[in-house]
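Record features, source Swiss-Prot:
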type: BINDING; residues: Phe83, Cys84, His85, Met120, Glu121; note: substrate binding site
type: ACT_SITE; residues: Asp135; note: active site
Amino acid sequence: MPAKTTSARLTHLDDAGLPTMVDVSDKQVTARSATAESRVHFPAAVAAQLRANGLRSAKGGIVETAVIAGTMAVKRTHELIPFCHPLPIDGCRFEIDWAGAHVLQIVCTVRCVHRTGVEMEALTGASVAALTVYDMCKALSHSMRIGPTKLLSKRGGKRDIGAAR
């Protein structure tokens, strides 16, 4: 079966193929939101130990530390991803809980009122929170696995994706 063709183009490349930051000055200012998730998969024995300890490690509260790190990452996304616009973040919320016997689910929702979306901020927040969980737990095992990390929804731009949260 032949591959589908699309007229979509990469927005961060100019007509000469050089990398560029998208000019959003002509876009409408709208309420924007995005939700992303990342998951941390633990070996069974590590998950059992974490559950028994109330998600606390020798370094402190795992969930609390992941929320702080994820929030810091959301606010600094434009410093990490070259063509992300610096955005006035109006809200950032994390939900972190078990999604199965050995999997910790991290959901990050970001909101702002601006000309461009906050998908990268939500993805960065969820990713850094997951990396922080790994860091907090690596003394117990290096067999943890992070992923998938994915966009669950976005609202307020040209097209909405996923279910509203």
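A Cβ is built for glycine as well, from the same backbone N, Cα and C atoms used for every other residue.
Model, not experiment: these values are computed from the prediction.
On the structure: features taken from Swiss-Prot.
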{"residue": "Phe83", "record": "substrate binding site", "DSSP (3 states)": "coil"}
{"residue": "Met120", "record": "substrate binding site", "DSSP (3 states)": "helix"}
{"residue": "Asp135", "record": "active site", "DSSP (3 states)": "helix"}
Chain-internal residues near Glu121 (substrate binding site), provided their CB is under 8 angstroms and they sit 6+ positions away: Ala34, Val74, Thr77, Cys84, Leu87, Ile89, Cys92, Val110
Residues flanking the substrate site, with Cβ no more than 8 Å from the Cβ centroid of Phe83, Cys84, His85, Met120, Glu121 and excluding those residues themselves: Thr77, His78, Ile81, Leu87, Thr116
Recorded substrate site residues Phe83, Cys84, His85, Met120, Glu121, farthest C-alpha pair in Å: 12
All-chain count of other Cβ atoms within 10 Å of Asp135 (active site): 15
Neighbour count (Cβ, 10 Å) for Phe83 (substrate binding site): 12
Euclidean distance between Cα atoms of Asp135 (active site) and Phe83 (substrate binding site), Å: 28
Fewest other Cβ within 10 angstroms of its own Cβ, chosen from the binding-site residues Cys84, His85, Met120: His85
